[in-house]
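Enquirer: Here TrEMBL flags A:6-388 as domain 'Glycoside hydrolase family 42 N-terminal'. Residues or ranges marked as substrate binding site by TrEMBL: A:103, A:141, A:318. Sequence annotations record features per position, and here TrEMBL assigns active site, proton donor to A:142. Summarising the annotation, TrEMBL assigns active site, nucleophile to A:310. Look at TrEMBL and you will find A:399-600 tagged as domain 'Beta-galactosidase trimerisation'. Per TrEMBL, the feature domain 'Beta-galactosidase C-terminal' maps to A:610-667.
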């Protein structure tokens, strides 16, 4: 448990380094991340390399005992390279090259770019592998940031054709799978296939609407695979010279919507994962449950502790600022990260840079570099963690509930949303939120991984599943697991075609139901009643016919009043639930209590609004985090006696928390 | 009176055909439409043709007594053709080629495309002209769908120059007509003219705003003419081999706004017209009066019964679904079609296709192909129509009111809307609605056709009119006809220039008024009183000065309070009304009553909200349709005794209709 | 004090000229502007010139004693020229050439265009320099209209590189200044620099978001300089042959947001300035204070009387019309122009043109050319001015307050808005409005010009200032001046980088404060109290720490309640105020009263809502304008006796004004 800062020695006069290092040490900043945008400093001209500046910086900060995460600088190929090798440029969805001028302007499939990256990465890895200051590596920066996963250039088109050839073998097989008899889209060879750019459908030329959904999903998968392949190449380059752990910074913040990369696959390439956590800035404000969900995703990709590689430390934005973090919020956000599985929290950035795109983006320090109230708050956190580290190693929440997260389903649903207002990501949050509200940690899983560590598995809108995944879920249920499927689960094959089996298709036997009729709700709502109390659906209603299942919820309005909306089916020793509609927040909460209790989870924890409770452990010692997001004090009642590990006060009956304050409780002996 | 289904034999295993045919027969489905997207099946490679599959399908379904509408597949030129002849691709308003990937990606003026189409159409016409299953032909599919009427390619530019040359003879004549002294836009030759792409006006580069309005209108006319010419070519090809009737499916649904084709002109090429009728889907919900208005347009293009070639049969949309049709709605919508002049109603589509762009678009059957509640409802309609056909031939409403529909005026107004919120299409609906509300059928006419069959002719915003049209209207009035012009009528010449005659220009003498001052209403309203009661204008107010006319309406607010807003002028035996402002719905209803009575129409029919009443006849037998769009029962009082031709019950005093129910009444003898 | 009309002899048959001239004379129209779009008439083919038509027009109208403003027609290079020299076309922000079809389709840096313009201007200047009808010249038309200042073509890129080379000397200097170490953007030569087109940042490819702010600001300056250079060339061409005054028509109307031209610099090239004043039209409605602010800007560019070159005279718009001006409004708007410093008011246009883009744009006369109520109103104004001219020469308001307007700050803020909802232009209006409300004229100034003529100088969001400017402000304060800076003042260097001095950077010493913490308000408000009463901030709050200053305002909510929001610092004999937040309208009014009184200005004038009072003088005679924008009568109390110079009535105690009426009062002797 410790803090760090993202630092750019190249932005400041060397005379300033000393002040910075001393202020860092004073604040208990243990680690800095360095060098992720420095390509033009390393290679100012083709083949001419300069490392002295970095040698100097590493030696300098190393002397202060500050550890370093060393980056590969592939996110910013320099101007001379772009001018000489314009094929490096990523192409947008219309096939136009992106311009030099910001960053991430490269195509992952450009051979030139791949070669240039490998060459520089090799030199860096070789030179710094043994530097005593370095403790880990970061590859690239924010892979897939700002829609850069999907490129529409010629290189990508060629590689995509090979990818398809490998997948389908023959063009007839592809034609059959894609259903190209529809609208005369039959291909005679893989060379006839184009990447699905925008502009095929006349009045929506800004996107790919109307194109073959199987082709689109394949292209999304190919793009994700391309990023993973690029990443693997960088990781392998480093591994040739270094045994230190390797990572990159992911982007799961709700505000940064999906990057189009399958993070379960990408994470396999890393020794540990990290992410960039901005809570209130130019592009929006994240609610605490959303940030918690993002942390949950991060710890789930590898089922182990992670880092926050960029944690917000001031007001930020490019052209407009979000609000300044109210006193206490930096500390609160940091402990939220720790409670949910973050081992190290690195603040972005040490000091606001006075030039360039992010000249408005504030770090811990303002442009003037003087100690300020945010520095004071960070220093407090640094000191507390120094103390806490004596009692705790990396903490992880004890999750007994899991939600299946399927990137295939998410992308499929982004191609065909099914109904206005429905988003895969939001629906998953709707299932996460009620457990979060009651202090029950939830992990995310793939359909294929081991489910037995969980008492309850939720599969909202799992539109498609592999044979292996289906079998895995079935086995889990057979053995006594509790599983829930929602409407629109199981309706597609893995190629993004609709199944001709009656809805819910793949899962019809498990759920023991058939759905002949469903009502996508446009501008209306439908009332329901069931084990979740009374609820309102506003997006979708399946009229559920039980085959082997038992009805536990019904519609009470519209022409299907009296029909089933929720069922339960006995499968072996387990139970499979089917919920044919979406529900409002209150009903979802009651549903969580119902399902939790069925799964043997204690759902009685007293919970105050705007307070996050996380039950975590480092394997030896437990830590009950109480985080107050309210701008007023709260009193939380406790059933046992605890020691507050920050203040070392004893907690009896209740713990009182000031606005934005935090308690870490350990059962009193 | 009968039903059909749109069917795609190529989408299904042949083993399934039998089930489909049997289910069709059982449901009294008499006709299927077939083959409109099958180019790549007919011609998988250049010059290599395959017809066996279609032979087989026709023979198969023919054996069941199911009739076929055979299509030309020109809406989907295959991939190999696009790759080899990229000049086929339509260009968007920026001059960029549309991509392969959906459909209708071709330019009507591409010589290659025209030649390829003609060649395949010839082969199809020749081969199937005498096939006993075929009863009619459909040319292409949804001509002009999704802004595909107006192409911006080089071929179009060249043809447009010839079109202009033919129209204007000399460039001096064009310059004079277009007023090119304005902003130094003088041309020295026809070769200097460009088609009006987007991008001339800097901050509105997404459209053609700011360009010469005469040039724009000419380009719109040229594009419409191009579609008509292409269509004629296809029709002529078929006629060489077949005597069967030929049609295509138009798109007058309110939700699909105008296609940019002059449907009066296009319809001349066909033996009968059809259209695609979607009421509630991804792209919106049409009100019953709007659908009724669309039916009225369809029967008006040729002044004879038409078909619905695609009638909604389930929840539909591409990426998102609209609501599922409530039980009873499929039947209700079908009878609305029949009441308003549809002879045959073909459901789109038989069964949901599990692949391709429209994998979410539901047919009568779901993806699973099993009988369901929609199949049951369609079967009921099929059975009823089987019965009704014994008593009725094709029905047509008895219209005594006509609204002049001018494509020239519509396009001119789309170029210069005159005021925020004003749309030609909506204004026509404002005049249609009150008559619809009172069960008075209304036809649409051109200014040039015979008006004498109508007692009342309305000309809302007839911005421009041909000399012949003006004369026609005048003759009609002289002979005793009643005519109404609205504000903005007669203000332009046929080239889209403003007239220098005082408003209402062309019609000033007929209306007997002059308008010096007019108030386009931005963010305000003006009160009026007159023969229409008290009303509010919210878009436009002409301050009308009577010259020979008599004032029958005045403004009661704003600086022109006390001035005339409506007048009537005696012309021969007839009367010409001028309404200088728009009016709210209530006032429009009173105006309709006033005008109807003046025209000798019985306006006393008792009418219930949400109920459509249509007085129709097949020439021999009458049918009074009562259609209930309410989700509750209604009681409609009747002044005579009737027989309900569906239930064969006698109706005395009142008829009671369940939600979405229909009655077809015939006067009891 | 006189009126004129914009006239296009080329649009009308010569037979009509006589009627027009006679009607003009009758209405006291003294001057017409002519020829600004007539290039293709002068030069119908390359090198073939025709001047007879203009000779004839000048002779004709000259005979009626009507004076002429003669234009250079460079706004509309003809079609033949564009076809032959396509490099003339301006390129849009994506680098695509603008199309021929409207106007202003040229690049100011195109050598061909510059040469062609010079050649024709020379011929025109030579031919007409001595024509007795001509009294002044207009260069081009609405320079920079509709985003035409910033072109993105190759010529511009090349010239921009030279411009940068001249400014920075070496590429190292540019790199250092731009901070190109940020994101590896180092350049090796000026040739590597590109103009900042849209498309560098992937998901915002419609604009230049995310690019280097120093590069962007330089490009904006370069573009403004290019327009000035082009203008100077045209002005110099005329001056070779003519001694008459030269101008062009600017676009400061609030509705036409900034043109991207530094009007202080541009105005230096002219003998007098003019502008186009549209108040209510297709693109919006301007409030009286906004129009007044625009007039104030115009008189400030050269600190002398100006003209309105296009004053609205009817309903106008391109595709949609705004409302017709209520009777009295044309007269009211004209007197507002005069009150605020306009010497001559030219109505656009004499008569509505029946063809071309602006066929809907109404002039004084309608398309029919008959006298109408607007002609009658204009005639009344013409007659009144004829009388008023006997007593008054050009009037100018007596301004004792000045607001610093910095185009550099405006452009910098357009690149980085700092916070949602904040606009430089609106903030300046927030400071102008309260003084306008109380009848206190306000001028606009640069930071570098003589401030001593003002008692109070306001510097809202003066983000950057030259050394000279800073010194000038300091000297002014030292000598006893009162100065106010707002939040975000002084934070940047002149290259658009953030300063590393503590906020407010450049002005920290003058203001005597330091700001460590600031709260950009997103979706919240903060309460304040101070010398401005109680107020609410909703965009920005600096937490102000007084160093040498005294606190005169505090926050009363949020975590910084009790901290200072406003201070005053003694500098020499003067006082420097710092206001760290924005304030609501009521508080701004109280602040204006407070500051005005401190500055010795009489702030007690009784003021009625919706009434503009302007205290003006022609140097000899005073004129107190009372302008009533209300649609009802108002009674304004007066402390002295006056003569109403329009009616020649005596005003005692009160003056009563009808809706939209005007009084011009002179103290009774």
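Any Cβ shown, glycine's included, is placed from N, Cα and C.
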Enquirer: Write out which of the listed recorded positions, namely A:103, A:141, A:310, lie with a C-beta under 8 A from a C-beta of chain C, sequence order kept, or 'none'.
Expert: A:103
Enquirer: Does residue A:318 (substrate binding site) have same-chain partners at least 6 apart in sequence with Cβ under 8 Å from its own Cβ, and which are they?
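Expert: Those within reach of residue A:318 (substrate binding site), by Cβ under 8 Å and sequence separation of 6 or more, are A:282, A:357, A:358, A:360, A:361.
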Enquirer: I'd like the per-state residue tally for the domain 'Beta-galactosidase C-terminal' (A:610-667) from DSSP, helix first, then strand, then coil.
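Expert: Summed by class, the stretch gives 0 helix, 34 strand, 24 coil.
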Enquirer: Does DSSP put residue A:103 (substrate binding site) in a helix, in a strand, or in coil?
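Expert: Note: residue A:103 (substrate binding site) is coil by DSSP, not helix or strand.
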Enquirer: Max Cα distance spanning A:103, A:141, A:318 (substrate binders), Å?
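Expert: About 18 Å separates the two most distant Cα atoms.
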Enquirer: I need the CA-to-CA distance for residue A:142 (active site, proton donor) versus residue A:103 (substrate binding site), whole Å please.
Expert: 11
Enquirer: Using all protein chains in view, find how many other C-beta atoms are within 10 Å of the C-beta of residue A:103 (substrate binding site).
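Expert: A 10 Å sphere around the Cβ of residue A:103 (substrate binding site) contains 25 other Cβ atoms.
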Enquirer: Per residue, counting other C-beta atoms within 10 angstroms of the C-beta, which of the active-site residues A:142, A:310 reaches the highest number?
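Expert: Per the Cβ count, the most surrounded site is A:310.
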Enquirer: Taking the Cβ of residue A:141 (substrate binding site) as centre, how many other Cβ atoms lie within 10 Å?
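Expert: Here the count is 23.
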Enquirer: Taking just the CA atoms, what is the gap between residue A:141 (substrate binding site) and the residue listed as 'active site, nucleophile' in Å?
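Expert: Cα-Cα distance, residue A:141 (substrate binding site) to the residue listed as 'active site, nucleophile': 11 Å.
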Enquirer: Could you give the mean pLDDT over the domain 'Beta-galactosidase C-terminal' (A:610-667), rounded to a whole number?
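Expert: Result for the domain 'Beta-galactosidase C-terminal' (A:610-667): average pLDDT 95.
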Enquirer: Using DSSP with the three-state reduction, classify the residue listed as 'active site, proton donor' as helix, strand or coil.
Expert: coil
Enquirer: To the nearest whole angstrom, what is the C-alpha distance linking residue A:310 (active site, nucleophile) and residue A:103 (substrate binding site)?
Expert: 17
